[in-house]
Amino acid sequence: MSELRDTRLEKCQALSDLGQGPYALNFEPTHRMAALHEAHADLPNGEEREVTVSVAGRVMTRRVMGKLAFFTLADETGTIQLFLEKAGLEAQQEGWFKQITGLVDGGDWLGVSGTLRRTDRGELSVKVSDWRMLTKALQPLPDKWHGLADVEKRYRQRYLDLIVSPDSRETFRRRARLVSGIRRWLDQRDFLEIETPVLQSEPGGADARPFETHHNALDLPLTLRIATELHLKRLVVGGFERVYELGRIFRNEGVSTRHNPEFTSVEIYQAYSDYIGMMELTEQMVSAVCQEVCGSCQITYQDTEIDLSPPWRRATMHELVEEATGLDFNSFSSREAAAVAMTGKGLHAPELADSVGRLLNEAFEQAVETTLIQPTFVTDYPVEISPLARPHRSKPGLVERFELFIVGREHANAFSELTDPVDQRQRLEAQQARKAAGDLEAQGLDEDFVTALEVGMPPTGGLGIGIDRLVMLLTDSPSIRDVIAFPLLRPEPRAADAPAMG
């Protein structure tokens, strides 16, 4: 690799000696590749068109065959073949054919001008009459036929992955279309996007361990936000009846195929609605965006057909757990009785799950969650695990909350929001006690948020959707790292830190 790099550095010097230089300031293409193909789709095989075009891109392949050479030039939209003929180039400037075939390597950025021809086999080509080195690459490209075999290298050097993998490029195009589609859908329905703080003195809105930092000038301990919920609710109190934010969230948690410590979510709040209204909003928005991004609500994920056409299945947590395990958690009068029954069914009853409600959630996660393949709204959660949700209108001990599961993964979480400041204070104080007892994911007591509720928040439905998991679903990606351009990875050991060999 070092020898190859040295050779390319020598070519940089040769380009400079020729007065061209290896790093151009600019170039003005007349067309991008896709537009060029579209504009001249009517050119018959074997014919030329005396129109001069200019294109720019990266050299992906090159073949030199005596007095002829063929390069493949790629830009973001597609590729074009370059046809280089010694006689034609030498007529423009002596030595050009030797220079371009000798000094241009795969991976270089090149700008060319010329006329168009279509080969007898139907390939549109630019017959090059002028060329310019735009950027000389010092490193070679991966094998275009095999790409990057090392999965971790694809994540560490995403730029290489994007160069050689059309599938990876399409994943991030779909991600961009999904994000813009969600914003457009909400904006068209009078939702207003307002940015809330990333740096916070009291993290809240989720059960998660935050990243901690420090503001030097104010000598103030701060955390990165773990949710946007509490600030968006303050905006509802302030009179914004339809508000949302699509942005980055940070949670100091483990890394897996479903979790990245830095991820993207959209949180949506609608005054005068409830969790039933948010179910309708969720299935309407997700199905509409899926139709826009994928062209259909019927998709395939890891060889399984998924139908995102509404309406989606709705079932309570109690119903699903009883269906899967035979356990009726409404019949248990104590935590101990529930734990014994769970153990009898081969389920684990952890000590931290200190109530019947928490054990119900454990049973759901162990026995039900991964079986929910088609879109399913799981409703009516225990109050113990839902400190920000409104008490259920008819079921004591439960709250009006749902989570959306698809392909065995949670994709959304929503409430009829708790608007009673007295009840909210009591629940957050209970969370505070768990936090003081060592629960690093328990929420603290945000006094200003409780004060905001005392000013008065109207009945409100709230919803959060994980963007990364939704992108995974719509791009058939098995890992969250496949849909985050630059996922968090452990740094590679430096050469000096590597263990000695031998």
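Yeah, the Cβs are placed from backbone N, Cα and C, and that goes for glycine too.
Glu410 (Mg(2+) 1 binding site) carries a strand DSSP state (E or B). Sequence-distant neighbours of Glu410 (Mg(2+) 1 binding site) (same chain, 6+ apart, CB under 8 A from its CB) are Glu369, Glu403, Leu404, Gly466, Arg469. If you look up Swiss-Prot, you'll see Glu403, Glu410 marked as Mg(2+) 1 binding site, on the strength of sequence analysis.
What Swiss-Prot lists as Mg(2+) 2 binding site is Glu410, and the listing cites sequence analysis.
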All-chain count of other Cβ atoms within 10 Å of Glu403 (Mg(2+) 1 binding site): 19
